Structure formats: C-alpha cells, structure tokens
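Undergrad: Below you will find the structure I want to go over with you.
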Amino acid sequence: MLINTVILFLRDALPIFVLVVYLYVHLPATKLWLLLSIAAGALLSLIYINQIHVIGQWFDGKGIELSLCLYQVFVYLLTLILGYGLNRKQPSKKHYLYWVSGSMVSLILVSKGSNFILYFDGYLNQSNAMQSMLLGTFLGLGICFSLAILLYLTAQWLKQRLGTWATWLLIHIYVTGQLVNALSLLVQVDVIDASATAWSSQHLVSNEFELGHLFNVLFGYQASPSVAQVIVYVLALLIPLAIFYSLKLYSASHSGHKQ
C-alpha cells in the first residue's frame, strides 16, 4: 500500500506539479488564474468520475480511454498556442495566455486527478490500509514538492540565461511526453498497434524504477517504446519547432524589408 501510494503520486501527481511550475515561471504576476484553474479542474474531475460509467459505454466501450487521450491532445494544442503567444511582441495582447494556461492545468487535473479519486475512494473504508496510505501520501507529496521547487529554480535560471523559448521548450517536451504516454490507452482498446518495439533500455533505466518514473514525467521516457510511440514523439516534438523557427525567420526578414 505504501509503495503503491508513492508510485501513484510519482505517476499522476508529479505531472500536475511539473506543469504548474513550468507555467508559473511564465505567468507569475497573479495567482488567480492558477487558483481558478485548480478549482475548475477539481470540479471537472468529480464530474468525470461521477459519469465514468456512462463515458465508459461510449464508442463501443472505449469512451474512457479515448476521452483521456483526447485531454492530452487538447493540452498539446494549447501548448502550441502558448508558445506562439509567449513570443509575440505585443505584451498588451497576452492576457489570453492566462486562459490558455488555466485550461491546460484544468485538463491535466481531470486526466490525472481522476485516478486519485478512484484510488483513495477504494481504500478509505479499509481501516488497516489507512496508516500506510497516509504515510505514502506524505512521502509522495514531499517528493513532488521537492522536485517542483528544483524544477522551478532550474526553469527560472534557464529563462534568465536563454530567454522565454528555453522554458517553453521544457513545457513542449513535457507535454509531448504526456501525449505519447497517452498512446498506451489507445493500445489497450486496439485503436493502434504497438507490437513492434523500437528498442529496449530496461537494463539502463527501467520504467519500474523511481528514476524511470521521473524521466517518464519529464520527457515521456519509455524503456521499451513502440515504433508508433517513437514516430509520434519525434513528429509532435519537431514539427512545431520547425514551424515556429520558420515563422521567426519570416518575421525577421519582413521587419528588415520594412526598415
């Protein structure tokens, strides 16, 4: 029970902490957007859990997996909007970024927070498991807070040294990893085939180790990724970077012609 609770926090709580920290580096002016997005995410998680039996019947019993995967797709698309907005030159027109960031936090809370509700609801009535669960909760929260502080300081340092693009790139890598992790849900319902394995690095860092869980959260590490996961990861990571770089070159050349 203790180990399971700690792993739950590493797998489902740490991604929430990481996203909040990365976003807060860019939008530290007010905490209102963060508080509202957490409240909205918590409420949506409760609604999602309450309707999970209905959702599970959608699309011939594939509703839960498809909906959770769709949340990650939306977060990915919002990340691209965030990257475009953060690097615009008109600071007065960036207020919508608070809505974008808040939506990202709310969606990640629904996709990850629903697992917490199901987990704790299943063990709350077991008195013999309460002590281990509480201890695991404190340990898990301690690990998450410690890593969040370290990541916040690292992101702040990168922003000061390299600029906004560097810290947005951290968000982009993180969200791409979460998107690829969601592909396993599609494998479970036979939407995609993941039988072909690209490579195996189990002997270096296993997915079952704490370091494997951390790498999985930060950049979507898989010890034995499928070919489909590798293709999606590379395309989802590099295509937006190529597009943004092309837009930057176009903007620079356009400004040069005006001068």
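Yeah, the Cβs are placed from backbone N, Cα and C, and that goes for glycine too.
Below are the features I grabbed from TrEMBL:
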type     : residues : note
TRANSMEM : 6-25     : transmembrane segment
TRANSMEM : 32-52    : transmembrane segment
TRANSMEM : 64-84    : transmembrane segment
TRANSMEM : 96-120   : transmembrane segment
TRANSMEM : 132-153  : transmembrane segment
TRANSMEM : 165-187  : transmembrane segment
TRANSMEM : 230-250  : transmembrane segment
Undergrad: Among 6-25, 64-84, 96-120, 132-153, 230-250, which stretch has the most Cβ pairs under 8 Å to the transmembrane segment (32-52)?
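TA: Selected stretch: 96-120, with the most Cβ pairs under 8 Å.
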Undergrad: Applying the under-8 angstroms CB criterion, which one of 64-84, 96-120, 132-153 scores highest with the transmembrane segment (230-250)?
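TA: Looking only at 64-84, 96-120, 132-153, the most contacts with the transmembrane segment (230-250) come from 64-84.
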Undergrad: For the transmembrane segment (96-120), find every same-chain residue at least 6 residues outside the stretch whose CB is under 8 Å from a CB in it, and list them.
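TA: For the transmembrane segment (96-120), the sequence-distant neighbours (Cβ-Cβ under 8 Å, at least 6 residues beyond its ends) are 5, 8, 11-13, 15-16, 19-20, 23, 26-27, 30, 33-34, 36-38, 40-42, 44-46, 48-49, 52, 68, 71-72, 74-75, 78-79, 81-82, 85-86, 133, 178.
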